[in-house]
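Participant: Quick one: the structure is below, and I'll ask about it shortly.
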Amino acid sequence: MQHVSTLRRWQRQVRRDRWLYLMLLPGVIYFLIYKYLPMWGVVISFQNYSPGLGLFQSEWVGLKHFERLFSEPTFWMLFRNTILLSVYQLIFFFPIPIVLALMLNELTQQAFKRFVQTVIYIPHFVSWVVIAGISYLFLTPEGGFVNELLGLLGQDKVNFLMSTEWFRTLQVTQVIWKEAGWGTIIFLAALAGVDTQLYEAARIDGANRWRQLWHITLPALRSTIVILFILRMGDIMEQGVEHILLLLNAVNREVGEVFDTYVYTVGLLQGNFSYSAAVGLFKSLVGLILVVAANYLAKKSGEEGVF
Amino acid sequence: MARRSFGEKGFDVINIGLLGLVAILMVFPFLYIIALSFSDEKTIAEGGLILFPKGWSLEAYRYIFSTDTLVRSLYNSILITIGGTIVNLAMTSLMAYPLAKTHLLGRRGLLMLVIFTILFSGGLIPTFLVVKWTGLLDSLWSVIIPTSISAFYLIILKNFFQQIPEGLEESAKIDGANDMVILLRIVLPLSLPAMATFALFYAVNHWNMYFHAIMYINDNSKWPIQVLLRQIVILSQSAVGDSSSISDETVLPPQSIKMAVIVFATVPIMLVYPFLQKHFAKGVLLGSVKG
């Protein structure tokens with residue numbers, strides 16, 4: 001038996017599992033065509049791609065599009081807008097689910113807790129278009145709720161939607177409204193895993209609620225917080241086109257345009273396939289490096305990595 | 001002792017009050033929009049703060065159902081959501097099952113292939129070109145096929161399948177059943193709660209999707225409801241606007257109609273939400289995507 005070659009053993013295994021391989025086929029074809037073919041398609045960012053000529057006949061231009069990208073002031077605008085939105089979310093959004101989860105965890109009435117949970121998860125399932133639509137109807141200077149309220153308080157109307165100062169606040173507020181409640185799930189799960197005996201012991205030792213929070217609850221959340229924080233760091237280049245595209249207009253473009261929306265506008269609407277593919281490739285590469293680095297840091301700090 | 005319990009009571013009251021406020025902030029926008037969609041256009045035009053329908057009117061809804069555009073986009077959204085979810089579930093479970101078999105030759109390589117797509121993508125433009133090249137542009141398939149498997153859900157489902165005891169499958173195998181039969185007759189029926197969760201997550205994604213539709217579908221008779229909503233609420237509102245994406249919109253639809261469309265774009269999600277809620281906490285807790 002020892003002399004059976006590896007190749008023969010593999011052949012036998014493949015024959016035995018032929019149904020499994022058959023079942024894999026549609027999925028593998030899907031990944032190859034819709035995920036890996038586009039990865040190969042990034043070669044157009046080194047070409048002057050023209051749809052008429054196709055991938056093989058288009059002229060090669062080397063790094064021309066990247067040189068153009070790095071020399072344009074637009075690049076720094078995109079970079080600043082993307083990073084700033086991410087940093088604001090890290091500061092203003094990231095802690096909120098943790099605080100909400102801690103507050104929910106302190107509730108003793110289970111019925112009220114379930115009610116609050118049910119309600120605060122709802123916005124997660126609402127589309128960005130609906131959220132943007134609601135925001136527009138609330139904020140419009142022509143009879144919108146918020147401006148009416150400002151009017152009642154004797155304040156001037158503010159055109160939140162057509163303003164460079166309010167864009168980031170609006171964007172981050174929408175993210176908070178949509179995802180803050182949903183974000184509590186992962187922390188509540190971590191909190192449910194805490195041994196209740198620890199709290200009893202602490203009470204007997206005379207620890208009040210704040211001390212229990214500090215010495216038992218927060219340490220229990222530590223690894224979840226670290227992992228999520230590091231993952232967010234890895235995602236710093238990701239500011240979703242689906243969300244931001246809905247808020248952009250000619251007025252706020254200078255603070256709102258991010259890499260993804262720029263690729264969409266310049267590439268699909270204006271037809272600069274090669275240049276915008278280069279912008280997209282730059283963003284994806286930086287994103288990949290950040291994710292791998294973040295994962296490495298997570299493992300370094302003694303937490304379990306994500307992959 | 002007494003003072004501490006007084007302090008704790010105070011804490012409880014504040015905590016309940018704050019969480020109640022958060023809950024109200026989360027639902028208030030919906031209630032406001034629903035109230036206004038049932039209000040009479042004149043009352044809205046008068047302005048002021050409205051919390052309850054004033055001048056009760058079904059005019060907005062009557063108008064919506066009198067136009068082809070909205071009914072057609074609702075129909076498209078329903079087709080995309082049902083068709084898309086079926087494709088998602090079939091493709092995801094077919095691929096997750098073999099990957100759950102640790103003895104499968106090449107399994108690790110395939111898992112790496114899948115996980116790498118989470119970390120890196122070719123980007124919007126190359127993906128668009130592939131969708132175009134595969135001939136899907138301007139058909140509803142363009143928003144179904146290119147997203148038929150979510151790598152995240154695939155790996156969670158694979159982990160779920162791995163936890164099903166082997167014994168059941170072994171005995172079926174001895175009875176001569178092949179892997180396909182085992183998946184359909186044994187594994188899937190045992191995984192119904194998980195499949196229900198993924199069905200609902202996938203369905204929500206399809207219903208809420210607009211970006212793929214504006215990229216891949218030019219023909220406005222094939223637009224889903226979210227694209228129509230974007231057209232009539234957002235693009236018509238920003239008068240300065242994104243001129244590149246405004247079509248020939250000239251008449252501003254009245255507020256109550258905009259609100260009624262928002263209600264239609266949201267209600268189906270609210271209808272499935274109670275069913276979804278039981279299961280989803282489990283689905284979210286992926287923890288890790290380790291192979």
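Easy rule for this one: first residue shown is 1, then count along the chain.
Just so it is clear, glycine is given a Cβ too, placed from its N, Cα and C backbone atoms.
As annotated in TrEMBL:
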| type | residues | note |
| --- | --- | --- |
| DOMAIN | B:74-276 | domain 'ABC transmembrane type-1' |
| TRANSMEM | B:12-35 | transmembrane segment |
| TRANSMEM | B:74-97 | transmembrane segment |
| TRANSMEM | B:109-131 | transmembrane segment |
| TRANSMEM | B:143-161 | transmembrane segment |
| TRANSMEM | B:182-204 | transmembrane segment |
| TRANSMEM | B:257-276 | transmembrane segment |
Participant: Counting CB pairs under 8 Å, which listed stretch among B:12-35, B:74-97, B:109-131, B:182-204 touches the transmembrane segment (B:257-276) the most?
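Facilitator: Out of the listed stretches, B:182-204 contacts the transmembrane segment (B:257-276) most.
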Participant: What parts of the chain pack near the transmembrane segment (B:109-131), using Cβ distances under 8 Å and only residues at least 6 beyond its ends?
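Facilitator: Contacts with the transmembrane segment (B:109-131): 99, 137, 142, 146, 151-152, 154-155, 215-216, 289, 291.
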Participant: Taking B:12-35, B:74-97, B:182-204 as candidates, which has the most Cβ pairs under 8 Å with the transmembrane segment (B:143-161)?
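Facilitator: The stretch with the most contacts is B:74-97.
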